[in-house]
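These notes concern the structure reproduced below.
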Amino acid sequence: MGKKLQTLEGHKPGQANTPLSRPAHALSYDKVIGELGCNPENGLSSSEATKRHEQYGNNDLGEDAGVQPGKILLRQVANAMTLVLILAMGVSFGIQSWIEGGVVTAIILLNIIVGFVQEFHAEKTMDSLRSLSSPTATAVRDGKTITVPTIEVVPGDMVELKTGDTVPADVRLIEAVNFETDEALLTGESLPVGKDADAEFDDDTGPGDRLNVAFSSSTVTKGRARGVVFATGMYTEIGSIAMSLRDKGSRRRSVKRKEDGSAGPHRYLQAWGLTGADAVGHFLGVNVGTPLQKKLSRLALLLFGIAVVCAIIVLAANEFSNDQEVIIYAVATGLSMIPASLIVVLTITMAAGTKRMVQRNVIVRNLKSLEALGGVTDICSDKTGTLTQGKMVAKKAWIPAKGTYSVGTTGSPHDPTVGTLHFTPKSPSQIDTEKGGEASTKEQLLEKNTHLLEYLKVASLANLAHVHRNEEEGGWNARGDPTEIAIQVLASRFGWNRLDHTTGENVAWKQLAEFPFDSDVKKMSVIFEEVATSQKYAFTKGAVERVIYSCTSLFNDEDTPTEMTDAIRKDILKNMEALASHGLRVLALASKPWEGTITKGEEVDRSKVEEGLTFRGLVGLYDPPRSESADAVKQCHKAGIQVHMLTGDHPGTARAIAEEVGILPSNVATLAKDVMDAMVMTASSFDKLTDDEVDALPLLPLVIARCAPNTKVRMIDALHRRKAFAAMTGDGVNDSPSLKRADVGIGMGTGSDVAKDASDIVLTDDNFASILNAIEEGRRMFDNIQKFILHLLAQNIAQACILLIGLVFKDSTNLSVFPLSPVEVMWIIMVTSSVPDMGLGFEVASPDILSRPPQNLKRGVFSLEVLLDMVVYGLWIAALCLASFTLVLSGFGDGNLGSNCNDSYSESCDTVFRARATCFACLTWFSLFLAWQMIDMRRSFFRMQPGSRLYFTQWFHDVWRNKFLFYSICAGFITIFPVLYIPLINDVVFKHKGISWEWGIVFIATILFFAGIESWKFAKRQFFKRKDRKRGIRRGSVDIEQRTFERYLSTAISTDDEKA
């Protein structure tokens, strides 16, 4: 669906996909809506949108070539690792070693086929995820405001635009308030263009003058708008010139020139040299991809160097003999050190990880963040809609001249007809906030109540939300910001719905101007004209501390206004604190008659509008915490991650919610004063501190209230100075700097496109718990990458040690008798590496993944533990394999090394061939079983689930859970028997013989293999337990809150002791 090929044949500029009677800019918006067949209030139905998507295709410019199998295949062939194998194949055939050359050819083909199939699936996964991370649009469908991917926008969609959005398609505007867009991409005009929804233009008006149209790909720089999509994809204005805008980019380095444009020959030579170096680096993979991909590419190069050294050692040990078998053995020894599947397995693991994240409501926009998530030590989160549900209900309204109005419990937050109304003449500071007073009807409360009426005018009109009844389905729908929806529902309870007074044939109120919410002034205002009296009014709502200083009067009784004084402001703040202490978000409402004039095209001085206001009252909004937030915060603390809440709310509201979800300790009152003051701060207090003063705080604030965008940036910088690795959430345009500055920027699915573009990951459900999901997935992926790297490199060490130490076995001709034949080495590489390692990449998270501290990203996957494990496991496997070879050869055999046993079978070589088969069986099994041991790097293979009661069979459930790994190991386990016992294949190709009693040695060695690995893991567990005890880290039944905050509690105790 949606892949319909778009053709521009016969299309005229300004027209829709299916031509309208005239271009959209030449028609009134009512006619455009009519011809496109959509509902201006409820938008398209979901079924109609799907139908139109099938009809018109994707809303894109056709630039994405999608998955290209040819390029994927080329990447499998033309890479450094494959070319090394091809070189080995060439050497084998060059010295007429046909069997070995054939085996290397098989390895190459297997690597190419497996790599192609897996990477093709990975690319398809990434391609499908790419659309999820693309810009989104806010559309109205089925009467509800939803977020849809831009490519799914269709002609007839009603879309809403706000500052920071990217316009999803060509839109005929219906409503535009202070609306400006940046159209530089389309017209080259550097200044934003103001729009006028009511204007109509001639058919041949150029794009730059179509002021009633918002063009696809332009960015909203100011205001808000609503409109209907009339052209998508290649039918948009940007689509018609898309070919000239496409830039394929060049990998050629530019020549450095002098001011006059000339350049010397050395500059051309420099540019060519750098271009060549870039090409080589790109081919080798050391300068493309994520940091981890580059690091592993450099590791592969290092191992290639070691492989060359190993090959030289083999030749030197045999006095650089030109014997065919010595040369091919040297090649095999070199190949044993080269992890041919390393980068492919990493790519597949990361693709699988991104797919899992989507299932957990996280979209990865930047692959680097996958590596970074596991190291996050601090999360800076917004409150509204992230820690809370974002479904606000106006619970309290306080009007100084009357008293406090309350709304009872309601299960339908958008339905103004549900929920009882209560009234008490007391102020919030004088009453129990849980008790609302006597129940009343709206008619009783409105009777002769001019103060309530003036309050409702502000609540309804200084508000951009739409709350309306859905006539088709019944019930109520709401569109807009959750805060404004809640206030609009409150006004609607008293019959003051904005739509009733501002729309229809005989409107009572006409909007003249709008001043959107600004994070600096923390207010929004509108100017309306009452049609019946022609009187203009300014209505303002915003943060209480800001609004009360814009007010000069209020009504404390029925008739006369009182001058606003500091004492009254103090009383208002006291009432605000009373509401905020119960977790209510509190806003102030104010208004005044306005005598100014508004001239089209001229700016109105906002500061003049928002002064001399009359205070009308407070509104208290309750946004309940998400049910999963408290558990998610607790889990973060358990995982060693500190949670900070940065919110625009009042300190009292922020503190109440923070205590409820566990960001602040429940016994905060017992803390030392300096710690308590540092835990909860306002942005103004935090911003006043110098960097040195911030660094001197006992801890960085866990809650910052009234937070401004620049405060977030300072918080990130402060965390970085404390060597923290920080994640930051954001949804607004102004959040972009902090999202960029954070180690992991987390955008919100409902946020602005600008914020999403600046982020590394996007939460599709805006839920704090999804951040924890992302961190868990990041840690899981980090663990799995460590597992398969450890498995791969431990095998390499084991093989290299066996092959190099085995050089000491010399026959009568003074040539080494190899414990493993070259074909055996290549077979083990083919069977035990790439496919099991892919299985390890798909492994689920270990049970304690969120009980461990964050990973050290400076050290990366190559931690000291991994490096030590690599050496220990490699040497242990090598020791067992060489011991098994020696036992069969000399322990139970006669020690006869025969003659020419590297080349062909003879009676004198029977013992060597049987010893070689035993060594081959041991190494194959150990390499496969090591993959199972890597499922958990510390826990016993037989006890990977600590809480399980399946004491003897739990290991089987663990290996069966990852079926890809299970079947890949079983396949490798079974294939050893045909190559041991089928004639010609065993003695001619593999140069070993079928074994009988030697299986006893293999089984004993296998038991010793498991015993050795289990002993090493046991020793590691004991070591880390002691290390934790020394560092004072307690795990298990210790209270999480006590563990998280105990260092601050101890500060309080010591302070109290000092006072005593």
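Placement of Cβ uses the backbone N, Cα and C atoms for every residue, glycine included.
Quick caveat, the model's predicted, so the values are computed rather than measured.
TrEMBL tags one of the stretches 1-22, 45-66, 243-264 as region 'Disordered', and that stretch is 1-22. Within the chain, the transmembrane segment (788-809) has long-range Cβ neighbours (under 8 A, six or more residues past its boundaries) at 296, 303, 306, 310, 313-314, 317-318, 329, 332-333, 336-339, 341-342, 345, 349, 816-820, 825, 828-829, 832-833, 836-838, 840-841, 861-862, 866, 869-871, 873-875, 877-878, 881-882, 885, 889, 897, 919, 923, 926-927, 930-931, 934, 937. Contact between the transmembrane segment (997-1019) and the transmembrane segment (913-935) holds: at least three of their C-beta pairs are under 8 Å, each pair 6 or more apart in sequence.
Each of 101-120, 825-845, 866-893, 913-935 was scored by its Cβ pairs under 8 Å to the transmembrane segment (326-351), and the highest score goes to 825-845. Between the transmembrane segment (101-120) and the stretches 299-320, 825-845, 866-893, 964-985, the greatest number of Cβ pairs separated by less than 8 Å involves 825-845. Within the chain, the transmembrane segment (964-985) has long-range Cβ neighbours (under 8 A, six or more residues past its boundaries) at 827, 831-832, 835-836, 838-840, 842-843, 917, 920-921, 924-925, 927-929, 931-932, 992, 994-995. Away from its own ends, the transmembrane segment (866-893) comes close to residues 786, 789-790, 793-798, 801-802, 805-806, 809, 819, 911-912, 914-916, 918-919, 922-923, 926-927, 930, 937, 998, 1001-1002, 1005, 1008-1009, 1012-1013, 1016 of its chain (Cβ-Cβ under 8 Å, at least six residues beyond either end).
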